[in-house]
Amino acid sequence: MATSAGTWETSVADSINTIYLLFSAYLVFVMQLGFAMLCAGSVRAKNAMNIMLTNVVDAVVGTLSYYLFGFAFAFGDGAGSNPFIGTSFFALGGIPDAAYDYAYFMYQWAFAIAVAGITSGSIAERTQFGAYLVFSFLLTGFVYPVVAHWVWSPAGWLNPGSSGGDPLFGSGAIDFAGSGVVHLVGGVAGLWGALVEGPRVGRFDAFGKPVPMRGHNATLVVLGTFLLWFGWFGFNPGSFDRILVAYPDAPAQGNWTGASRTAVTTAIAGSAAGLATLFARRAIVGHWDALEVCNGLLGGFVAITSGCAVVEPWAAAVCGLVAAGVLLGLNEAALRLRYDDPLEAAQLHGGCGAWGLLFTGLFAKEELVVQAYAKGEVGVRRPFGVLMGGGWELLAAQAAELAAIVAWVSVTMGPLFYVLHRLRLLRTPVNEELTGLDISSHGGYAYADHDYEEDRRPRRRGQPLPGSNGDYTRLQDG
């Protein structure tokens with residue numbers, strides 16, 4: 001009778017944990033809609049259809065890539081398991097098993113397809129559509145999963161509880177929901193894509209001064225930002241994986257407490273960054289800038305994603321304030337260096353993701369680290385933040401993760417973008433870029449009443465602007 005009761009209780013607990021994980025996966029997937037709206041509003045109207053289609057392609061291509069290869073490279077733990085890359089579960093062979101089930105795959109899949117969306121923003125408005133297919137497949141199926149294996153697989157060399165022996169520096173890297181694994185990977189990949197392609201036509205004048213190219217729809221940007229905020233409540237709290245885990249020294253508390261606190265730290269960090277950006281931009285440009293506030297808000301979310309489960313709410317506010325400064329500083333540096341990223345994706349996801357890793361090494365609290373990584377076991381000691389009285393072990397591991405990600409993504413994605421560039425498969429021709437990718441590649445504009453006001457192609461006297469794909473084709477033939 002006791003066995004039957006125990007089995008029933010276990011089944012109920014497993015069901016609740018699965019529902020929690022699946023619900024979190026659905027929230028993270030909503031972020032795809034947020035990315036699509038944010039990207040569409042941040043580009044010019046003549047490229048709106050193109051950027052929305054690339055977001056769809058990132059999802060569908062990434063799904064197949066992650067199903068066939070990505071999950072295996074990230075979490076495969078067969079006989080050939082090693083600290084660098086997984087070697088089993090290709091095409092979900094062997095799933096479910098004792099460690100992973102379909103719900104876990106769904107949750108990790110939602111993370112994986114978000115990475116390519118980050119990179120797409122950096123190279124928006126000037127990239128051939130076929131190039132998206134290539135880099136989305138490679139980034140989601142190989143580059144990102146390898147990093148995920150390092151940090152999140154028990155066999156990974158950066159994992160805090162590495163099964164291969166003592167974790168790195170006796171600590172391992174704490175990247176709870178992926179400031180480094182997700183955001184830094186996407187940001188660095190986008191950086192290389194934008195560097196290889198160069199800036200959009202007209203982004204800088206003959207003297208190197210930036211020419212404003214603001215997005216065409218602030219409403220979509222704000223909508224996308226709130227959808228991303230909503231999705232982040234699955235991204236960060238959902239990374240506990242299991243909600244029904246009680247802490248032995250505090251039976252009234254458990255992962256449900258940790259997940260709730262993680263939601264609080266997420267909201268606080270983003271809000272602090274958004275508010276800091278609001279007043280900083282007011283001081284710089286002399287008016288209240290809604291679009292910059294949205295990016296500042298997202299920068300705070302990116303930064304807190306690493307340490308969201310292991311820091312106190314007050315520390316999250318510090319994280320957000322510094323993240324705003326990081327984003328503003330990198331945006332200013334990008335203009336001075338004539339670097340063009342339409343969505344500030346490399347600065348936002350790359351720069352704030354890097355700060356998030358270091359922030360965790362500074363502010364992680366030991367008690368919360370034990371709860372998140374040792375189920376609150378009594379008597380367990382873990383390295384924690386330098387500024388919280390801990391040693392340097394955790395910060396060193398965080399720095400190692402940062403350096404390893406930058407190096408890995410650079411040696412994989414950098415050459416890929418360069419090869420595509422040399423094969424003339426990366427950047428669109430100048431006349432197509434000026435006309436708009438919607439007309440030149442997708443058969444028409446996203447909006448029926450688009451007025452073509454930004455079409456600046458040289459034309460003969462009396463020559464009309466293209467109003468359809470057919471018009472564009474006839475002009476090209478002429």
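Using the three backbone atoms N, Cα and C, a Cβ is placed for every residue, glycine included.
Predicted automatically and left uncurated, TrEMBL annotations should be read as such.
What TrEMBL records for 20-40 (among others) is transmembrane segment.
Sequence annotations record features per position, and here TrEMBL assigns domain 'Ammonium transporter AmtB-like' to 21-447.
What TrEMBL lists as transmembrane segment is 52-75 (among others).
If you look up TrEMBL, you'll see 106-124 (among others) marked as transmembrane segment.
Taken from TrEMBL, the feature transmembrane segment applies to 131-152 (among others).
Under 8 Å from some Cβ of the transmembrane segment (172-196) lie the Cβ atoms of residues 111, 114-123, 127, 135, 139, 143-144, 147-148, 151-152, 158-162, 235-236, 238-239, 262, 302-310, 339-341, 345-354, 356-357, 360-361, 364, 369, 372-373, 394, 397-398, 400-402, 405-406, 409-410, 413-414, 417-418, 420-421, 426, all in the same chain and six or more residues away from its ends. According to TrEMBL, the transmembrane segment annotation covers 172-196 (among others).
Per TrEMBL, the feature transmembrane segment maps to 217-235 (among others). Beyond the ends of the transmembrane segment (217-235), by six or more residues, the same chain brings 23-31, 33-42, 45, 48, 110-111, 177-178, 263, 266, 270, 290-291, 294, 297-298, 301, 305 to within a C-beta distance below 8 angstroms of the stretch.
Annotation comment: TrEMBL describes 402-420 (among others) as transmembrane segment. Sequence-distant contacts of the transmembrane segment (402-420) (same chain, six or more residues past either end, CB-CB distance under 8 Å): 119, 131, 134-135, 138-139, 142-143, 146-147, 150, 158, 180-181, 184-185, 188-189, 192-193, 196-197, 354, 357-358, 426.
Per TrEMBL, the feature region 'Disordered' maps to 451-478.
When each of the listed stretches 20-40, 52-75, 106-124 is scored by C-beta pairs under 8 angstroms to the transmembrane segment (131-152), 52-75 comes out highest.
On the 0 to 100 pLDDT scale, the model's mean across the domain 'Ammonium transporter AmtB-like' (21-447) is 94. Counting residues 6+ beyond its ends, the transmembrane segment (20-40) has Cβ neighbours under 8 Å at 48, 51-52, 54-56, 58-59, 103-104, 106-107, 109-111, 113-114, 117-118, 120-121, 124, 217, 220-221, 223-235, 237-239, 241-243, 294, 343, 446 in the same chain.
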